[in-house]
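Novice: Quick paste from Swiss-Prot:
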| type | residues | note |
| --- | --- | --- |
| ACT_SITE | HIS21 | active site, proton acceptor |
| ACT_SITE | ASP132 | active site, charge relay |
| BINDING | HIS21, ALA395 | anthocyanidin binding site |
| BINDING | ALA355, GLN357, HIS372, TRP375, ASN376, SER377, GLU380, GLU396, GLN397 | UDP-alpha-D-glucose binding site |
Amino acid sequence: MSSDPHRKLHVVFFPFMAYGHMIPTLDMAKLFSSRGAKSTILTTPLNSKIFQKPIERFKNLNPSFEIDIQIFDFPCVDLGLPEGCENVDFFTSNNNDDRQYLTLKFFKSTRFFKDQLEKLLETTRPDCLIADMFFPWATEAAEKFNVPRLVFHGTGYFSLCSEYCIRVHNPQNIVASRYEPFVIPDLPGNIVITQEQIADRDEESEMGKFMIEVKESDVKSSGVIVNSFYELEPDYADFYKSVVLKRAWHIGPLSVYNRGFEEKAERGKKASINEVECLKWLDSKKPDSVIYISFGSVACFKNEQLFEIAAGLETSGANFIWVVRKNIGIEKEEWLPEGFEERVKGKGMIIRGWAPQVLILDHQATCGFVTHCGWNSLLEGVAAGLPMVTWPVAAEQFYNEKLVTQVLRTGVSVGAKKNVRTTGDFISREKVVKAVREVLVGEEADERRERAKKLAEMAKAAVEGGSSFNDLNSFIEEFTS
């Protein structure tokens, strides 16, 4: 690396092909570019469309900033995948029988990128590579050319620390049943969880072996970039840096860097609703009167569960915006009670598909967030200062729920008991009503709201000269020198 203090840091970003990974990576690349670095995002032909328009707008507004896209080939059919399968959205937008097979096949097929990555690193010699956790082979590729590889997990310190402590101590093996609560050993805060809420850890399965590769790659890497801010999870940031992996930089919340209407509206897919009309609808509501319900880009609930949510929302009497993911192959909408939309007209809005989430969360009419506890959604809710109803489904989402309900105390659990990949643990309408009312009404609700608003202030301060701003400075200085 050059010691020239005036040269630009060149960072290559390589996100996993899922919206929950690509959206924060785009935010991160824009952030680095705005701080004087040159950013290069690696992706596939179909996924490049997600990045192109936001990057063009960003460059038009900031002509001196350097950010571009490099497209890698991903021959789906040759790799044993269906034509056009370049994003997890391809096989998670339905509940078909081969979903599990396709998931594993997709993860393993990404190794095809290794040769292309090595050629790029050899010819461009960037200062560092920030590659997704699901690309464990990226560490070895970067080592060949003495390029530091940083890992981006797309989650926070709390879940990383929780998973580490459970992996090291295996406390789930000494309880009487999968539903018996236990305290996660060594983790600050006496956090209680059950075996049913932990993602399947069968290390002999093909996916289990793949995840072992991921963990080994983490340890060999040059460190971790975390989309979080110190004030959100200080005990866990300290624990991670002292016990789990010594080198980590927190630079979030990344969503906060999107300040303009277009920036917020263009994150991810094209919204399934006109953003201006959506905001007009919210403008017609009183401040703090609308609850927003969304389960992210992967969770895919069955009709029976959607029916219960609809019935619960109607009974709660709350104004709402409810985002329902479109399922491929399901033409008839059998998930709505008869006459539901007519009865809630004016009080409720259903968005079928993709929503301009940050725009909705940031609106003054929005007063709460029913969320699957995916890390991006959780952080966006935190940045908007909203109390939450937590409804985790899979992956590390139950850990994230514990952060909200047990540590931050800004949320109420809907009562999900099982980590069930993508379809969700069945929750009755009565539980939906109870959780929504609990997060909106009463003295405890007011206290949760106050705590949530303080966290939003801390999030803003962190990126505007605070902890995240300073950690990014430290990172840039270290990898430029």
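Any Cβ shown, glycine's included, is placed from N, Cα and C.
Would you situate these features in the structure and describe their surroundings?
Specialist: Counted within 10 Å of its Cβ, the other Cβ atoms near HIS21 (active site, proton acceptor) come to 21, all protein chains included. In the three-state DSSP scheme, HIS21 (active site, proton acceptor) is classed as helix.
Contacts of ASP132 (active site, charge relay) defined by a Cβ separation under 8 A and a same-chain sequence distance of 6+ are given as PHE14, PRO15, PHE16, HIS21, THR25, ALA138, VAL151, PHE152, GLY154, in order along the sequence.
The Cβ of ALA395 (anthocyanidin binding site) has 22 other Cβ atoms within 10 Å, all protein chains considered.
Secondary structure at GLN397 (UDP-alpha-D-glucose binding site), as computed by DSSP, is helix.
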Novice: List the Cα distance (Å, whole number) between ALA395 (anthocyanidin binding site) and ALA355 (UDP-alpha-D-glucose binding site).
Specialist: 22
